[in-house]
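K.L.:
The following block contains the structure, expressed as structure tokens.
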Amino acid sequence: MNPSATFMFSEGSASNPPPPQPRPPPQLSRYESQKRRDWNTFCQYLKNQRPSVPLSQCNCNHVLEFLRYLDQFGKTKVHLHGCVFFGQPDPPAPCTCPLRQAWGSLDALVGRLRAAYEEHDGSPETNPFGNGSIRVYLRDVKESQVKARGIPYKKKKKKINQQNKAQRDEQQIRTPKPQLI
């Protein structure tokens, strides 16, 4: 063997392993992706205010203004009080009433932003998305949309499994009741 020969090692040989490749970040869940998009949108909204509002000075009034701003991009028809279709669940013809954000969408948005605020070092005590005025606003939106559509909103009751119900009833029968003396 020629002592002056140079040996070239290929990238995968045992004496010279290839540099470790950085792993791609894990794929975000749909919820996490939406939360990130919502947070970025809200932060951009604050930056676009004149004057710009730093996140540390953000309060519930800024959140309410943001929710009202988003209302213009809604896709839910909300009939006005003077509309002939007010209170009708399935109107027979189109009308000029505005499209709004559905209250369920706003409620979910506030929940995601509330979580994102705390993930970005905001304290739960100062979280503007958890303020009572936000809950009142969401409740008012829900009630007005329910009236406009004519469909009362009722929470879905949990269905009780018939077998579990029978077992509970049987348990109550077997358990002796205390005697009053």
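Every residue, even glycine, has its Cβ placed from backbone N, Cα and C.
The following feature annotations were taken from TrEMBL:
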{"type": "COMPBIAS", "residues": "1-15", "note": "compositional bias 'Polar residues'"}
{"type": "COMPBIAS", "residues": "16-27", "note": "compositional bias 'Pro residues'"}
{"type": "DOMAIN", "residues": "30-157", "note": "domain 'ALOG'"}
{"type": "REGION", "residues": "1-31", "note": "region 'Disordered'"}
{"type": "REGION", "residues": "151-181", "note": "region 'Disordered'"}
K.L.:
Summarise the model confidence on the domain 'ALOG' (30-157) as a single mean pLDDT, whole number.
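P.N.:
The average pLDDT of the model in the domain 'ALOG' (30-157) works out to 91.
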K.L.:
Helix, strand, coil: count each for the residues of the domain 'ALOG' (30-157), based on DSSP.
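P.N.:
So the domain 'ALOG' (30-157) is made up of 75 helix, 4 strand, 49 coil.
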